[in-house]
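According to TrEMBL, the features are:
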type	residues	note
ACT_SITE	K221	active site, schiff-base intermediate with substrate
ACT_SITE	K275	active site, schiff-base intermediate with substrate
BINDING	E260	Mg(2+) binding site
Amino acid sequence: MAIKFGRPIEMRDAPRRQAALASTPLDLAIRPRRNRKAEWARRLVRENVLTTDDLIWPMFVVDGHNTRAPVVSMPGVDRLSVDQAVRDAERAAKLNIPCIALFPYTEPSLRDEHGSEALNPNNLVCQSVRAIKKEFPEIGVLCDVALDPFTSHGHDGLIEDGRILNDETVAVLVKQALVQAEAGCDVIAPSDMMDGRVGAIRQALDEAGFLDVQIMSYAAKYASAFYGPFRDAIGSAKTLTGDKRTYQMDSANSDEALREVELDIAEGADMVMVKPGMPYLDVVRRVKDTFAMPTFVYQVSGEYAMIAGAAANGWIDGDHAMMESLLGFKRAGADGILTYFAPKAAEKLKAGG
Ligand SMILES: NCc1[nH]cc(CCC(=O)O)c1CC(=O)O
Ligand SMILES: [Mg+2]
């Protein structure tokens, strides 16, 4: 039979209506449904799996004690005081989740034009890293490097006359990364999209003796509407002036993503990331196929909100949509996923999927 992913030539003029109504079996040698006939058969031919080893759990930390403050636009996600972040780190450790990621809600009084609080060795992120590593040294801790949680204008870098300054920002990010490494952070994750920051951070880490601190670069990070709930969570949504399109990537591009990733690898990134996730699965696939690097994807706040919000309204099966979306990242070639669903997914996997 002449067939190449389309309708077989021989079938082109076949009387389809007659075949559909016929009571005799179709003369089909090939019936793809056979391999789907039972759960054991589906398991046997399954091409991709999601495991707990694939998960990184992003958490939001806030000042206070014994506090869990819900993020309204992310049903099921709270801002945690440091003591509670330690409790969730314990939950992560018990679930065998390899790594957690920390993002601060900075008090508005501590935000300024230069994001100075980012360099405070006792800021919320550093406090959390120390507290978590002290009790659970075996869990990986990743810290985001960018100024947006700390700036009064909500941008990831320094501004002059409405322009985000690249090289001046990189100099500050290097200091931020060193402060985090000093606190005990295992993975530095620059999310700012300034040019040249991976190389500058790698050099500074090495000079300071942090040879084993890894860099996971947000290499292909797009200017996305899907970051909205995250900006609610860290409190930058209301203050952000303008948008981030002069540094984050244009959604229309994927060749450019390969150039960005290539640069970050050359500058010393140990792992690379594509972000957001679901609208950019093609980019994940291209990056993985092109560079064969440890490739991560961030299922961002807006993606989480779509699934969790629809599930809360009874519009979709939340657990099923969660697992389907995570498996989609694996199918696209991702080695791991940053997702707010991490604890829920890990619990489901532990219970047998
Ligand atoms: N540079 C900060 C940063 N790090 C991670 C996210 C988004 C994560 C999410 O939406 O879940 C952002 C937001 C942004 O760039 O505006
Ligand atoms: Mg870059």
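Cβ atoms here come from the backbone N, Cα and C positions, even for glycine.
Because TrEMBL annotations are produced automatically, they should be read as predictions rather than curated entries.
Remember, it's a predicted structure, so these values are computed and weren't measured experimentally.
With a cut-off of 6 Å between Cβ and the nearest atom of ligand 2, the recorded positions K221, E260, K275 reduce to E260. Long-range neighbours of K221 (active site, schiff-base intermediate with substrate) (same chain, six or more residues apart, CB within less than 8 Å of its CB): S191, M193, Q248, M249, M273, V274, K275.
All protein chains considered, the CB of E260 (Mg(2+) binding site) has 22 other CB atoms within 10 Å.
With a 10 A radius on its CB, K275 (active site, schiff-base intermediate with substrate) counts 25 other CB atoms from all the protein chains. Annotation note: the residue listed as 'Mg(2+) binding site' sits in a helical segment as assigned by DSSP.
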